[in-house]
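Below is one structure; the comments refer to it alone.
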Amino acid sequence: MKTEKKSLNVPVNKQGLKKKRSFSRKAIYTLLILLTIISIVPFYMMIINATRENQAILGGFSFLPGSALIENYRTMMDYVNIWNGFKNSLIVSVSVTVLSGYFSALTAFGFAVYEFKGKNLLFIFMLLMMMVPGQLGLIGFYELNNAIGTLDTYIPLIVPAIASPFVVFFLRQYLSTTLHPSLLEAARMDGAGELKIFHTVALPIMMPAVATMSIFTFIGSWNNYIVPLVVLFSPEKYTLPVLMGFLKGSQVATNLGSMYLGIAISVVPIMIAFLFFSKYIISSISAGSIKG
Amino acid sequence: MKKLNHKGYYFIAPFFAIFLVFNIYPVLLTFYYTFTRYEGYGKPEFIGLENYTRILTDGYFLEAFINTWKIWGLNFALQLGIALFLAALFSDLRYRIKGIGFFRAVFYLPNLITISSVAILFNIMLDWQHGSINMFLMKIGLISDPINWLNEPATAQISVALILTWMWFGYTFIVLMAGVSGIPGELYEAALIDGANRWQTFVHITLPLLKPIMLYVMITSLIGGLQLFDLPMLITDGLGAPEGSLNTMVLYLYNQAFRYNNYGYAATIAYALFLITVIFSVVTFRSMYRTNAKKEG
């Protein structure tokens with residue numbers, strides 16, 4: 001962006017442009033504000049309707065909040081304990097993020113630092129498998145968990161995170177530019193074991209990259225729907241997305257205010273987190289796409 | 001560093017152990033199921049290529065294939081159109097649009113929200129009689145009678161496509177802007193001095209230089225779009241109604257496996273989906289590459 005701003009002193013036919021520009025700039029800002037409204041309004045309506053009575057929502061459209069928030073909350077909690085789904089989602093997503101971050105760093109370190117037989121072959125194999133969509137193995141995945149008795153537990157949701165090819169790929173690229181062999185040699189001279197070197201030298205260096213990947217791992221796990229839908233059966237174990245589906249099929253669905261409130265509770269924390277992380281997330285998307 | 005060091009195996013062992021068990025094995029097991037009739041209990045019965053001949057003549061699969069493409073196609077055309085238009089605006093030296101950081105964040109917001117919450121939110125907002133969307137459109141006088149969005153095949157597909165557009169145009173915009181910021185500013189300056197108008201600048205500078213990044217957007221969107229599941233599943237309670245218009249390939253797969261217990265056939269659908277994804281990714285890649293090569297040559 002900076003180069004563009006600098007270049008504005010370019011001599012151009014100003015008189016001809018000025019009038020036209022001020023008019024169309026207005027049009028452009030109107031358009032951008034319209035798109036902003038379209039992006040936000042569904043969430044705004046969700047929050048407004050979460051505070052309105054069912055009758056009022058059925059009766060008509062309003063931009064102003066009502067006073068039935070607590071009532072809606074009670075109705076919803078009578079059928080579905082949404083905080084429980086929240087807790088479950090948090091347990092799963094945090095575990096997934098930690099496992100994926102740690103073991104991907106470990107694997108990336110192994111690939112970046114050591115020479116061993118079959119290394120390139122294994123790496124290429126991993127990259128190829130990265131292209132395979134998740135649904136391909138879904139039936140086999142379900143049957144595997146059925147066979148080893150891990151259906152209706154969090155194991156199929158958490159443990160596979162140890163193998164996250166994309167994160168490994170990203171971290172290995174990162175390590176190859178940031179980790180100097182001299183650092184490792186120095187640590188070895190001090191008599192540190194290889195695993196200790198990983199923990200004290202390599203892992204701290206990788207932390208910024210691990211953090212970037214962690215945001216996406218967390219969001220991906222938090223939003224994952226099809227896998228928990230397939231492997232979980234007990235409503236008290238449902239993660240938030242599955243619980244939302246459950247909510248829709250329950251009696252709460254007849255009370256729109258409570259439905260909106262349930263949706264709002266599932267959405268607002270992510271929106272708040274985004275307020276803090278938005279710059280970070282967006283620059284990561286930009287960076288990722290240019291490399292990709 | 002070039003010495004062989006077996007310690008490397010220890011570091012990559014946990015990854016490959018888990019990868020083998022939870023990733024490779026299920027993929028291979030699924031492949032085996034494509035040759036069987038298996039209802040989830042007992043032993044899978046080997047039936048050769050029966051599932052494959054079935055899928056080639058299965059009207060429902062063809063329908064799911066067409067639905068998925070229609071929804072993805074409409075959504076992608078809109079999403080790319082909006083994102084390109086925005087990218088052209090923000091890259092135009094003459095406009096000097098401010099607040100790109102703000103707009104990027106706001107446009108991206110819908111993409112971050114759990115898709116199942118989005119599905120349920122729109123499901124009630126699109127309700128025929130009591131949905132906020134009909135009520136709003138009637139209040140501002142755009143329509144006089146409520147539209148039964150989710151009960152007519154055409155409007156149901158359009159609704160889902162529009163929800164997807166709403167979710168993804170911000171992401172695509174961010175990615176395209178990343179590409180735009182990689183275009184040297186001198187090119188735009190030169191165009192400005194040469195008196196090129198906006199359209200010429202866009203067509204001859206922005207568009208050709210964005211091609212690689214558009215390819216990236218298109219292939220990732222295609223791979224995601226062909227796996228469309230959450231929205232139709234939650235909007236139609238898994239039925240794919242009205243008249244099967246929201247029956248997508250992965251919804252069909254899910255229903256065959258977990259509603260009708262046809263694991264063998266569902267596995268075949270999974271592989272067909274994979275094959276389709278690979279073919280179309282390669283075709284997209286090659287066609288984009290070829291037009292590029294032609295222009296340069």
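Backbone N, Cα and C atoms are what each Cβ position is placed from, and that goes for glycine too.
Because TrEMBL annotations are produced automatically, they should be read as predictions rather than curated entries.
Taken from TrEMBL as is:
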TRANSMEM  B:12-35  transmembrane segment
DOMAIN    B:65-284  domain 'ABC transmembrane type-1'
TRANSMEM  B:71-90  transmembrane segment
TRANSMEM  B:102-126  transmembrane segment
TRANSMEM  B:158-180  transmembrane segment
TRANSMEM  B:201-223  transmembrane segment
TRANSMEM  B:263-285  transmembrane segment
- Counting Cβ pairs under 8 Å to the transmembrane segment (B:263-285), which of B:12-35, B:71-90, B:158-180, B:201-223 comes out on top? B:12-35
- Positions on the same chain near the transmembrane segment (B:71-90), where near means CB under 8 A and six or more residues out: 97, 100, 103, 107, 157-158, 160-162, 164-165, 168-169, 172-173, 175-177, 179-180, 198, 202, 206-207, 210, 214, 217-218, 221-222, 225-226, 228, 246, 248
- What parts of the chain pack near the transmembrane segment (B:12-35), using Cβ distances under 8 Å and only residues at least 6 beyond its ends? 44, 46-49, 51-52, 263-264, 266-268, 270-271
